[in-house]
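Peer 1: This is the structure I have questions about; it appears just below.
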Amino acid sequence: MSFVELLARLGGMGRFQVTYVAALATPLLMLASHNLLQNFTAGTPAHHCRARPAANATAAGVPPVVSIPLDGHRRPQSCRRYVELQWHLLDVNGSADAAANGTAAGAATEPCRDGWTYLDGIFTDTIVTEWDLVCDSKKLKQVAQSIYMAGILLGSCLFGVLSDKCVLPRRWTGRNWEELGGTGRFGRRVLLTWCYLQLGATGVGTAAAPSLLIYCVCRFLTGLAMAGVSLNSASLCMEWIPTEARAVVGTINGYCYTLGQFVLAAVAFGLPRWRQLQLAVSLPFFVFFFYSWLYVESARWQVSSGRADLALRGLRKVARINGRKEEGDKLSEEVGRGLGPL
């Protein structure tokens, strides 16, 4: 008997499968949020150099026109300021061309040495404004996103291998893994549960990061967990779904990810501060972590791992939820061991 035929006997696309798809698809809404999060948390507002303090006034009391040269669009330059304050630009008797252009021709300029002033706009509180990721440091914003994507790349390789085969060396335990009661493999459910927890914890760590370095480390670990959630969610989902329903279920999962992009935009509009937004898209993974303990491990994977008894227990649970308890009671470990391909 093939596994597909067995699923059909136990209810096909029944109550268990529908609930399972919904439970696994909901976290996908938040995966899109993490992938696109830096579009909002690393937004760059309009900015210019902080004015050089005058002898008898603070930097806040110095008009920008005498400290910041204008660019070709008559806006304050972002990364340069005058070495000396150009007070004559305020003088009605000053050069007509200088007054018209708002610049002092030939005046020496220098990089921003006292920080930047950020103007109010769409982005008012981001990692850019907090750690001054502008001008010479603006590349660090792309570096942070690249580190996150590197975490996804590594996680795709790591969790793909761990979910199928992971044998602990004897030197770690003094005994073989099988002697300890394990199968030498983690499986989909255990790793998915761990990735939910890791994603929530590192997301909160990112929101509390005191420096860009800690921020990047937490984002890297978030990327690792992100890949684990994506891979193991797909495996668990498809291995419990009848073949004829897999295309529809895959489409639903894709739409959930797309819908998550709209959710992120709405949440970002309501939470303009980057730390609050980071928390809002990370805390739900603790909820996913707690209810993931109710997931049923893939019976097909358990059979391939030599755990027919556990597979049989999972299949009977599925039969009970789908209202096919009698069919589940008829199953035996021999049926589990004799399962054909998916």
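The count begins at 1 with the first shown residue.
Placed from the backbone N, Cα and C atoms, the Cβ positions cover glycine too.
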Peer 1: Need the matching range: TrEMBL marks transmembrane segment on one of 12-31, 252-271, and I'd like to know which.
Peer 2: 252-271
Peer 1: Counting only residues 6+ away from its ends, which parts of the chain sit with a Cβ under 8 Å from the transmembrane segment (147-168)?
Peer 2: 38, 177, 182, 184-188, 191, 195, 216, 219-228, 231-232, 235
